[in-house]
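Novice: Positions annotated as ATP binding site by TrEMBL: Gly304, Arg305, Gly306, Lys307, Ser308, Ala309, Ala310, Leu311, Gly312, Leu313, Arg467. For Val628, Ala629, Thr630, Gln635, Arg636, Met637, Gly638, Tyr639, Gly640, Ser641, Arg710, the entry in TrEMBL reads acetyl-CoA binding site. The compositional bias 'Basic residues' annotation in TrEMBL covers 1000-1009. The feature domain 'N-acetyltransferase' is assigned by TrEMBL to 525-737. Look at TrEMBL and you will find 911-937, 960-1009 tagged as region 'Disordered'.
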Amino acid sequence: MDKKTKWKKLDPRIKALIENGIRDHHRSMFVIVGDKGRDQVPILHHLLSKAVVKARPSVLWCYKKELGFSTHRKKLMRQLQKKQKSGKLDVNEDNPFELFVCATEIRWCYYSETHKILGNTFGACVLQDFEALTPNTLARTIETVEGGGLVVLLLHSMDSLRQLATMSMDVHARYRTESHQDVVGRFNERFLLSLANCRRCLVLDDKFNVLPLSESTLATIKPTSTVANLDGLSASGRQLKELQESMLTDPESDQRFARLVGLCRTLDQARTLLAFLDLLSDYNKSNAQQQQQMRVAALTASRGRGKSAALGLAIAAAVGKGVANVCVTSPGPENIATLMQFAVKGLQAMGWEQHTDFTIVESSDPDSAKCIVKICLRVQQHRYTIAYLAPSANSKPDSAELLCIDEAAAIPLATVRAMMGSHLCFLSSTVNGYEGTGRSLSLKLISQLRQDASSQLKEITLDESIRYGPGDPIESWLNDLLCLDCSSVPMLHSGCPSPSQCQLYYVNRDTLFAYHKFTENFLHRLMSLYVSSHYRNSPNDLQMLSDAPAHHIFVLLGPFDKQAGPNQLPEILSVLQVCLEGAINRDSVHRALAQGRRPAGDLVPWTVSQQFSDADFPSLSGARVVRVATHPDYQRMGYGSRALQLLADYYEGKFPFLAEESAAEKEEAVSASRALPPLLSALTERRPEPLHYLAVSFGLTHDLTRFWKRAGFAPLYLRQTPNAITGEHSAVLLRHLATNDAPHPDWLLDYFVDFRRRLIYLLAGDSLRRLPVAFALELVRHRQLQARRPPVLNSARVEQSFSAYDLRRLSDYAAAQADHYLITDLLCPLARLYFAGDLGEMGGLTVTQQAILLGCGLQMKSADSVAADLSMPVSQVLGLFNRIIRKAERTLRELQEAGVAERLLPDLRPSEAPLVGSGQQQPSLADELNTGAAEVEAEHRRRLQELLLADGGAEEFAIPADAAPGSALPTLNRVNSAKSKQQQQQQPGGNKRGGGHGGGGKKKKPKFK
């Protein structure tokens, strides 16, 4: 430091803010603007060190790539020691920052490696390189600061804080696509405005001058003489201390469990452990009735409340209660590190020693190195085991007496239900936080357990944080900024309007993220629908929603209430988030495909282009539905389908663009400010972008697939391997829009036919074979597209797939002369031909029969497996299977007969050919030959009649009307008699003239003279 530098008196309110935070066990935040803000960090840390009554606080320093200074502590220490020995060291004059680095325990961390600091606690956190900061890293790093600590955010010099809103962030590069380049920093502007409402945040320059943005905060800072309480504990801390002391001094309580309670950090955590102990006390191995009933304890809390630690202590208590086999499951071994560590601490607190009484086994996986996966305890010839079990639908811990599921929301719901049995089950789940594990997943499971009469459910909630005290202003500010605490969905008071009366509105994002009182309320309502839906949410999604230029928001609202006030917010029934994709230059596509790379963004165009090797598809424009979320109280009522239909109508141009607004629409629009546009706009007030298709990408489930297919979407891509976390296969579905510039009317049908052809061969794979047959049938069938191009019999493919012996075997089974194992090898080609449309309708199979044919033929499942998927008896499945083969055999036989007829009658026109495989009963080959013979005979008679008429007429053969029966015929000459005899011999029936009187008696043969 220069000797001529003048010392400046520090604003006392800065010191008061730090001391108040230590007193209330709350965190404080400082935003320092200026290039020399780094040099002010040691001063703030010095104030913190003097105020706290404990060791020097540690520091977490996060940065992007380069710090800009040396962090080599040993080197700096050697330089300082050299100065000290030479007598040249002056603490006041030398660089205080170097002294700060040498004397303080600092953890230097890249932003890309902040996931490694989870579970650690620091006294202060410094964040530099603001352009590399993301909402996820912001929440992740601030959470590690303990109560009374500091959060310091360093910004570069700028003329005005408004420049922060226009700052280009690193994450913006991922938001840009070829057709959407203009990024608007709405999130930074909202972040800047939110700092003014944070009661524990001061915005300073690099000379410790308080900027005007913090004027409201300065009014609430009051210096206090009392830095902390006498005992340094809060009210809940005193209650926890009293509880721990009472259990240790109570002679009736088990001292082992009292020592476990002594390890708890908060009162909520201690009460949770006691609740687990009560459940374990009721555990009785000999009670068969309880063994058959599912008993579950569900622990839910926000992040940083000590759920994993409480579960670890509960496991140690279970071993002390005599539970011999404990299984622990989580998304991965690294997720149970805290749980296993506290399980070891609990065993040690109960009097057992490592290596003497128990041993631990660490994971051999490099990704989860040093993670404990098994604990083996031996006490008095009894063996106790705590082991990790990977989550899987096939992993059923039948031998476990206690099952612990940590972070149940990150495991597929079906897998959790499959693993839960009659044993005691402890599960925990994060309901909100930056991880975004998904509140809805855990709530769905808990709601199912509530409705299940065969289960006993105990719900436990943790509210108090481990690191800081309740009511922390920094936590409230962060939750409001990142919409982390949107767990409660507001109840709607507008009733249940008909979906046909609801309308879709466009949301202006400039107004939505303007940090206005009403728009913030509307934003939290919108995000609460996201949280309550089946989507996984994270704070980064909020920044993408606000800043990404290709993203747009639509909301479905009920009829507008004219009696509502002008400031009353409309109630959201459903929300749509779409992303415009496509319109990629053909040269860019060819260049990317040649280099084998895939640019960021444009998910659907690049995926479809790579799957079909089609370089023309990315040039089409489309909108991908990123999310569609409906209010949880109004789901399965048609509101989501109504919103999608209105969206398709909007992009098809069915809403005329009106330049002027009506008065009613102006009243309905909620304006955040006079300078801002209306929050909501009718579809007639905005010109739609020209699009060719709507698309969606999601993890396949049966219900979601049926929902999107009803909306007119068809699958074009299916990932063959399931997701490691959700266990679902990713898929891409498309719906074509009726536009004038479409490539051709059936372009989507051509893609679907090719996708179906490939899927038919892939269903026999290891992963897709596990799909339920009804679910797989939904992927293969599409009524709307198949109606435009009905299946037609392909005789060439049939003749190539089946030999004469194969047809004979099918005929034997259809006639009940053979077992179904005789034709097992024929099911695969038969099913492939049918679902590819080469066998026509094949006699009109029902949906159940189609599912059986798909399961047995394409997925290679046994009849027992198909019966289990369809919840039908095996005998009924085999009966329907026999009907399928009979219809197939009849279709193939008709095809063979039609081929013979075609060879016998080559002159038959194609239009006169019999329709085979159309589902109608066709005539046999013998009937067709008899019909042809009758036609030839009729033609022969006609020609014979013409010869008779040409020979002299037929008058001489006439019989008088008054001739008596049996009278003699007129005399004929010999020539006519011979001709008549020759004519009678040529007639096919051999009948004689004169025998056609119709009488049944025997007639006398006439004589000719």
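Even glycines carry a Cβ here, placed using N, Cα and C.
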Novice: Ala310, Val628: which of these binding-site residues has the highest Cβ count within 10 Å of its own Cβ?
Specialist: Ala310
Novice: Hey, what's the widest CA-to-CA gap across Val628, Ala629, Thr630, Gln635, Arg636, Met637, Gly638, Tyr639, Gly640, Ser641, Arg710, the acetyl-CoA contacts in the record, in Å?
Specialist: 17
Novice: Test of understanding: give the count of other CB atoms lying within 10 angstroms of the CB of Gly640 (acetyl-CoA binding site).
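Specialist: Within a 10 Å radius of the Cβ of Gly640 (acetyl-CoA binding site) lie 23 other Cβ atoms.
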Novice: Using a 10 angstroms cut-off on Cβ to Cβ distances, just flag whichever of Gly304, Gly306, Gly312, Gly638 is the loneliest among these binding-site residues.
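Specialist: Across Gly304, Gly306, Gly312, Gly638, these binding-site residues, the one with fewest Cβ atoms within 10 Å is Gly638.
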Novice: What whole-number value in Å do you get for the largest C-alpha pair distance within Gly304, Arg305, Gly306, Lys307, Ser308, Ala309, Ala310, Leu311, Gly312, Leu313, Arg467, the residues recorded as binding ATP?
Specialist: 18
Novice: Check each residue in the chain of Thr630 (acetyl-CoA binding site) that is at least six apart in sequence and keep those whose C-beta is under 8 Å from its C-beta; list them in sequence order.
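Specialist: In sequence order, the residues whose Cβ lies under 8 Å from that of Thr630 (acetyl-CoA binding site) (at least 6 apart) are Leu529, Ser533, Leu573, Ser574, Tyr639, Gly640.
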Novice: Using C-alpha atoms, which one of the binding-site residues Gly304, Ser308, Ala310, Gly312, Arg467 comes nearest to Val628 (acetyl-CoA binding site)?
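Specialist: With Cα distances computed to Val628 (acetyl-CoA binding site), the winner among Gly304, Ser308, Ala310, Gly312, Arg467 is Gly304.
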Novice: May I ask for the distance between Arg467 (ATP binding site) and Gly638 (acetyl-CoA binding site), taken between their Cα atoms and rounded to an integer number of Å?
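Specialist: Their Cα atoms are separated by 45 Å.
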Novice: Roughly how many angstrom lie between the C-alpha atoms of Arg636 (acetyl-CoA binding site) and Ser308 (ATP binding site)?
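Specialist: Taking the Cα atoms only, Arg636 (acetyl-CoA binding site) lies 36 Å from Ser308 (ATP binding site).
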Novice: State the count of C-beta atoms found within 10 angstroms of the C-beta of Arg467 (ATP binding site), not counting that atom itself.
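Specialist: There are 22 such Cβ atoms around Arg467 (ATP binding site).
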Novice: So what's the mean pLDDT when you look at the domain 'N-acetyltransferase' (525-737)?
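Specialist: The average pLDDT of the model in the domain 'N-acetyltransferase' (525-737) works out to 85.
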Novice: Using DSSP reduced to three states, classify Gly312 (ATP binding site) as helix, strand or coil.
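Specialist: The residue in question, Gly312 (ATP binding site), is helix (DSSP, three-state).
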Novice: Can you tell me how far the Cα of Ala310 (ATP binding site) sits from the Cα of Gly638 (acetyl-CoA binding site), in Å?
Specialist: 43
Novice: Can you give me the same-chain residues 6 or more apart in sequence from Arg710 (acetyl-CoA binding site) with a CB-CB distance under 8 Å?
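Specialist: Residues satisfying the criterion: Ser641.
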Novice: With the cut-off set at 10 Å between Cβ atoms, which of these binding-site residues ends up with the most neighbours? Options: Ser308, Arg636.
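Specialist: Max Cβ neighbours within 10 Å, all protein chains included: Ser308.
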Novice: What is the separation, in Å, between the Cα atoms of Gly304 (ATP binding site) and Gly638 (acetyl-CoA binding site)?
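Specialist: Gly304 (ATP binding site) to Gly638 (acetyl-CoA binding site), Cα-Cα distance: 39 Å.
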Novice: Which state, by DSSP, holds Arg710 (acetyl-CoA binding site): helix, strand or coil?
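Specialist: Where Arg710 (acetyl-CoA binding site) sits, the three-state DSSP reduction gives helix.
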